[in-house]
Every structure is written in structure tokens, then in C-alpha cells.
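Encoded as C-alpha cells, the structure appears first; notes follow it.
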Amino acid sequence: MFSIFKKKTSVQGTDSEIDEKITVKAKDKVVVSTEDEEVTTIVSSTKSTQVTNDSPWQDPTYFSSFGKELMFIATCMLAQLLNQAGQTHALCIMNVLSKSFNSEANNQAWLMASFPLAAGSFILISGRLGDIYGLKKMLIVGYVIVIVWSIISGLSKYSNSDAFFITSRAFQGVGIAFILPNIMGLVGHVYKVGSFRKNIVISFIGACAPTGGMFGGLFGGLIVTEDPNQWPWVFYAFGIATFLSLLMAWYSIPNNVPTNIHGLSMDWTGSALAIIGLILFNFVWNQAPIVGWDKPYIIVLLIISVIFLVAFFVYESKYAEVPLLPRAMTKNRHMIMILLAVFLGWGSFGIWTFYYVSFQLNLRHYSPVWTGGTYFVFVIFGSMAAFFVAFSIKRLGPALLLCFSLMAFDAGSIMFSVLPVEQSYWKLNFAMQAILCFGMDLSFPASSIILSDGLPMQYQGMAGSLVNTVINYSASLCLGMGGTVEHQINKSGNDLLKGYRAAVYLGVGLASLGVVISVTYMLENLWNRHRKSEDRSLEA
């Protein structure tokens, strides 16, 4: 296939310009501009040709109007909202669900953990599938899976089986796993690296995390207020909202986003090793608090999961031709530090989320709707945090914002660990939630921007997968760890507050370690920038 582009050069310091038509024989190649030449880039492939001109924001051929771009941004924000609402709409009615299925108290953790477990385990491959087969296609697949299994989750009431409900929620999580990473991949393709608009869009997407948490919990609580037996409509309503999002995505997402122009292939061996290892490892940590660590199958599964995960990393580093994890990431210590800090921060928040709702329902005896309504703080301060990120990330840099986010996660967990049961909501509780908003809304855009800008264009879906894998998987895994601590401290089950606080102390420890890592990364980043600045001044 032959492609034509214009090369723009200056002639001997004059303002005159020469337009040269240059024919380039290219197949799945990108013409990259040089230091001295301003080149209009053409991406050519056997399937489609994309032209990227000098627009400071994105390729203007993606959107026919500003209104359509706004709809695209709204679709991206809804994806994040659904991701968080998918967790809290069930969390705030967990006592209703437990009573409906006659579940034991210990099984409540599984009613909540199966969704983020599946989402976190499958997100890792969903971005790569989007990079290979089309980001929009995989996004649509994710929406369809969520719609189908949301309906089945509601119908599970008639099975009278909590195991069936837990399985349905897991498949619902698989669908969610295909939504957000591919949305983030589309943002990475549509908007230019480092552009202000890209930072704005990612910040707005991040703002929908606390907003989604509030709407999910509030509407879940509202539906069961009059009649708890109507809880299936919580999931039917979620399916309807997902269907409307599907229609928006179908219409607003451009069809001309390049697909696999670099000829990537799927690493099925690495994918299988990763998924099996992640699921088994997570299962062990969530099942052990229920049955006890002395059960032989728990120890056996733990050993098997570790073997699979070690095999995955060995295979990816030495044998995979096209590794699932880009080597540009696995060999970059700073990217690993970022992902580890995000893991620890969101892991502590996963513990906070479950035990905060348990605290309100079981100790303060709030109704499900009031428990969900307390998340309104997240909407207000989450929006403030999003605007702060959007307009400060260029000045402060994502490294500093990531550090602030870990401090917010840590402060929120510390405040929860000393929160009195009888104290008014408007004191420590209100302040705690306001601070936690900055943990969520600073960490997501900061880490997403660092990885999106740091990885090649062909890995944009994978960049979205990495951040969201860490966020979702850490929430489920660390909840299991928190459950282990809780049951060790409150073995009799008669001292809920003592057990809850013990789990939250673990969250404090995780977030504190995240602060240490993020501060280390920030200082190294500042030192490298200072050193480069000195090198430039010496060269000048």
C-alpha cells in the first residue's frame, strides 16, 4: 500500500515553504517527525489509513463535531462510574443479600469479593485483546457481558443459592474488566501525549470513581428501602444503565481508531498463567478467613497459585515472543514503583470500603439508603479533586500528585481506625471521606498519565489494563487479607468493633508503605529532572 504525506521545510531561514509530495511504500508503519522537520504523519495499514495533522489536541478526523467529542468524553466517564457503582450497589445491600440467601456472616466477604476478583484478574488481558482486535469491539463485548450477567444476578434470587449469586457477580466483573481498560486505550489513541485536553479527560474519568461509588450505594439502598425483596432490581437497573452506556459508546466512539498496526499477537500462554495464578491466589486469601488456614486445600492452592505466578514472570521475561506485559514496563523500575504504590493505596481503600459499610450497617445501624447516601461527600470533593488535578498536573507533575494521593489514602485509613461509633457523622466521618476523595482522584489520573505517556502507542490498551488491574485486584486481595486479620482478632465474633479496627490497621500499614514508595519515586523524579536541567545548562 502506498501513502502520501506532506513534508514541511524552511528554506535557508526564509519564511517560504515547499510542499513536497513524497510517496512511501509502507505497510503498518508510522512516519515519525525529526528534530528539524515538522512532518504531517500518516499511519498506513492494510485495513485503514489514519492522518494525524498538527492539531494540538487530537486527530480532528476522529470527531465530526465538538458535541460528538463531548459525548465520547461522557461515555468514558460513565465507564468509570459503572466500574465503581458495580461494587457499591451490592455492598450497601450486603445484609439484605445475606438474609435473602441465608448466608453465613463469614460468606458476606465473598458476596462482595467475587466481583473485583474477576475484574482484577481479567483486566490484565482485556487491554491486550483491545490492542489486537480493536478497542471499540472489546469495549462492546464487555458491555454485553455486563448486561447479560446483571440480569442473571438479579434472577439468582429465585435460585436461593448464594454460590450462584457469587458466580454471577464474578461474570459481571469479567464484563467490567473489558470496559475501562479499552476506554483508557481509546483516550490514549485519540488524544496526543502530554496534551492538556488528554489530562483533562483522564482527570474527569478519575472523578467518576467516587461519584460512581455514591450513586451505586444510594440507588441500591433506595430500591430496597420499601421492600428488601425487590433487591433484584438493583441489578436490573444496573443492566439498564449499562445498556444506555452501550448505545452511547456505539455512537460516539470513532470507528477509525487504528487497530493493531504493529502486528501484535496474543500471548495466550502468559495470559493463562497470569489468570490462573491471580484467581487462585486471591481465592485463597478470601476463603481462608471463612474456613481457616489449617485446611489442607488452602495451603495446596496457595502453593499452586505462587507457582503459576512465578512461572508467568519467568515466561514473560525469558520466553514470550510478544510478552503480555511490555518489557518497556517490566524493565522500568519507576513504572513498577508506581504500580506498587497504587496497589497499596487502593488495597487500603478496598479494606476501608468494606469495613466502612459494615461499620455503618452493623454498628451505627444505618439503613442501606443512608449508608449509600453518606457517599455524597465523594461527589462534591471528588469533583474538586478532579479540577485540581486537571489544572495542576502540568505544574506539579504526576509524581507529586501520586505522592499526595497515597498520603490521602493513609490519612483516611488512620482517621477510620479511631472513628467513634457514637460520634456525629459531620465530624471525623465527614472529614475522612473528604480526604479520601483526593486519594482516589489523584492516584488514578497520575498513574494513568505516567503509563499512557510512557508506553508506545500500540500498548495503550495495555496501559489502561495495568492501572485498572492493580486497582481492582488489590481491592479484592487486600479485603481477604483484612478478613484474615479481623477473624484472628475477633475469633468469637462477639466484638465486631475490635475486629473491624484490626482490619483497618492493616489498611493503614499498606497505605503507609505506599507513601514511602511514592515519596521515593517523587524524590528520584525530582533529582533526575534537576540533573537533566544541569546537563542542558552545561551544554548551552
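Backbone N, Cα and C define each Cβ position, glycine as well.
Summarising the annotation, Swiss-Prot assigns topological domain 'Cytoplasmic' to 1-61, 191-203, 254-272, 317-334, 394-398, 451-461, 524-540 and lists sequence analysis as the type of evidence. The annotation transmembrane segment is assigned in Swiss-Prot to 62-82, 109-129, 132-152, 170-190, 204-224, 233-253, 296-316, 335-355, 399-419, 430-450, 462-482, 503-523 (among others) on the grounds of sequence analysis. Annotation source Swiss-Prot lists topological domain 'Extracellular' at 83-108, 153-169, 225-232, 356-372, 420-429, 483-502.
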Request  = Verify whether three or more Cβ pairs under 8 angstroms connect the transmembrane segment (462-482) with the transmembrane segment (233-253), leaving out any pair fewer than 6 apart in sequence.
outcome  = no
DSSP-assigned states of the topological domain 'Cytoplasmic' (191-203) in counts, ordered helix, strand, coil = 8 helix, 1 strand, 4 coil
Request  = Using DSSP, tally how many residues of the topological domain 'Extracellular' (153-169) sit in helix, strand and coil.
outcome  = 15 helix, 0 strand, 2 coil
Ask   = Average pLDDT across the topological domain 'Extracellular' (356-372)?
value = 91
Request  = Six or more residues out from either end of the topological domain 'Extracellular' (420-429), which same-chain residues have a Cβ under 8 Å from its Cβ atoms?
outcome  = 359, 363-364, 374, 497
Task = Return the stretch with the most CB pairs under 8 A relative to the transmembrane segment (503-523), choosing among 109-129, 204-224, 335-355, 430-450.
result = 335-355
Ask   = Do you know the DSSP helix, strand and coil residue counts for the topological domain 'Cytoplasmic' (394-398)?
value = 4 helix, 0 strand, 1 coil
Ask   = Could you count the residues of the topological domain 'Extracellular' (420-429) that DSSP puts in helix, in strand and in coil?
value = 5 helix, 0 strand, 5 coil
Message = At a C-beta cut-off of under 8 Å, are there same-chain residues at least 6 beyond the transmembrane segment (109-129) that contact it? List them, or none.
response = 83, 86-87, 90-91, 94, 97-98, 103, 138, 142, 162, 165-167, 169-174, 176-178, 180-182, 184-185, 264, 266-267, 271, 274-275, 278-279, 282-283, 286-287, 289-290, 324, 350, 354, 461-466, 468-477, 479-480, 483
